Structure formats: structure tokens, C-alpha cells
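J.: Supplied in C-alpha cells, the structure appears directly below.
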Amino acid sequence: MVHMSAEEKGIVTSMWGKVNVDDIGAEALGRLLVVYPWTQRFFDSFGDLSSPAAIMGNPKVKAHGKKVAHSISDGIKNLDNLKGTYAKLSELHCDKLHVDPENFRLLGNVLVCVLARNLGKEFTPHARTAFQKMVLEVAAALAHKYH
């Protein structure tokens, strides 16, 4: 596990408050499905995922991306208790959905890229480091039931 300093937690909380969470989530999930097409197998019920344009315009991808981003918001509000915050989601993804936990790390990396694109120069190297630590912590919490 990585350790986030109080300063890094503050950076994550502050910068997350500057983005449109719904848009960030939709873009991040869409990009995950485009860049890592094997992740599409978990979203068979989402309809047309045949091309990048179809994925990025898919209303079910956008809706689920929003849901994912709001879950990230919950984690950011509870950075000191991520395992507890994500316990039920970890169990769902492990026991019922059988999602490879590596996908959580991939989504976190995509999220960091989307944040960088949306925040521009404000997304400094220090901010990137703070968010990278946060997404690694979230991925570990989501993978907790797998161990």
C-alpha cells in the first residue's frame, strides 16, 4: 500500500471538486473500453461498443461512468477508510461479476490521464502523484475481497 500525506489528500479533495464528476467518469470509462478492449466483455448488455465513437457516445457507458465517478467521490470523502468504503463493491466485483482486479488499476490510470486532460496546467506533477496514489489505494480496496 502507498501512503498519502495529509497534503496529498488535500490536493485530491480540492482538485476533484473542480471537475464535473459526471463528465470525468463517463470519459474515463469510455476511454478504458477503447484503450483496453478486452474490458468490454464485462459490459455485454451495454449495446454498441463496436468503435471508439460508439463507445464514447453510448448512453449506458456514460451512465455507468457517472456511477463509477460518484463512487470515487465517496472514496475521496473517506480516504482514511477505503477498504470499508469499498467493501460491498469489492465483494460484488469479486463474487458476482468476476472482474479481474487488474482492471481497477487500469481504470485508475485512465482516470489520471482524463484528469490531466481536463485540468491542464493545474494538474501539476505533484497533483498527478497525489491522484496516482489515490487510484492505487482505491484499486487495492476494490481488490480486497480477492485476497
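Yeah, the Cβs are placed from backbone N, Cα and C, and that goes for glycine too.
Since the structure is predicted, the reported quantities are computational estimates derived from the model, not experimental observations.
Below are the features listed in Swiss-Prot for this protein:
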type	residues	note
BINDING	H64, H93	heme b binding site
DOMAIN	3-147	domain 'Globin'
MOD_RES	V2	N-acetylvaline
MOD_RES	T13	phosphothreonine
MOD_RES	S45	phosphoserine
MOD_RES	K60	N6-acetyllysine
MOD_RES	K83	N6-acetyllysine
MOD_RES	C94	S-nitrosocysteine
MOD_RES	K145	N6-acetyllysine
J.: Sorted by position, what residues of the same chain at least six away from the residue listed as 'phosphothreonine' have a C-beta under 8 A from it?
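T.: Once residues fewer than 6 apart are set aside, the residue listed as 'phosphothreonine' is near I76, L79.
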J.: List, in sequence order, those modified residues among V2, K83, C94 whose Cα sits within 10 Å of the Cα of K60 (N6-acetyllysine).
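T.: If one measures from the Cα of K60 (N6-acetyllysine), no modified residues come within 10 Å, so the answer is none.
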J.: Going by DSSP, is V2 (N-acetylvaline) part of a helix, a strand, or coil?
T.: coil
J.: Over the domain 'Globin' (3-147), work out the mean pLDDT and round it to an integer.
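T.: Value for the domain 'Globin' (3-147), mean pLDDT as a whole number: 92.
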J.: In angstrom units, rounded to an integer, how far apart are the Cα atoms of H64 (heme b binding site) and K83 (N6-acetyllysine)?
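T.: About 21 Å separates the two Cα atoms.
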J.: Could you check the recorded positions K60, H64, K83 and say which one's CB has the most other CB atoms within 10 Å?
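T.: It comes out as H64.
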J.: Of V2, K83, C94, which is closest to the residue listed as 'phosphoserine' if I measure between C-alpha atoms? They're all modified residues.
T.: C94
J.: Calculate the distance in Å between the alpha carbons (Cα) of C94 (S-nitrosocysteine) and K83 (N6-acetyllysine), and round it to a whole number.
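T.: Counting only the Cα atoms, the answer is 14 Å.
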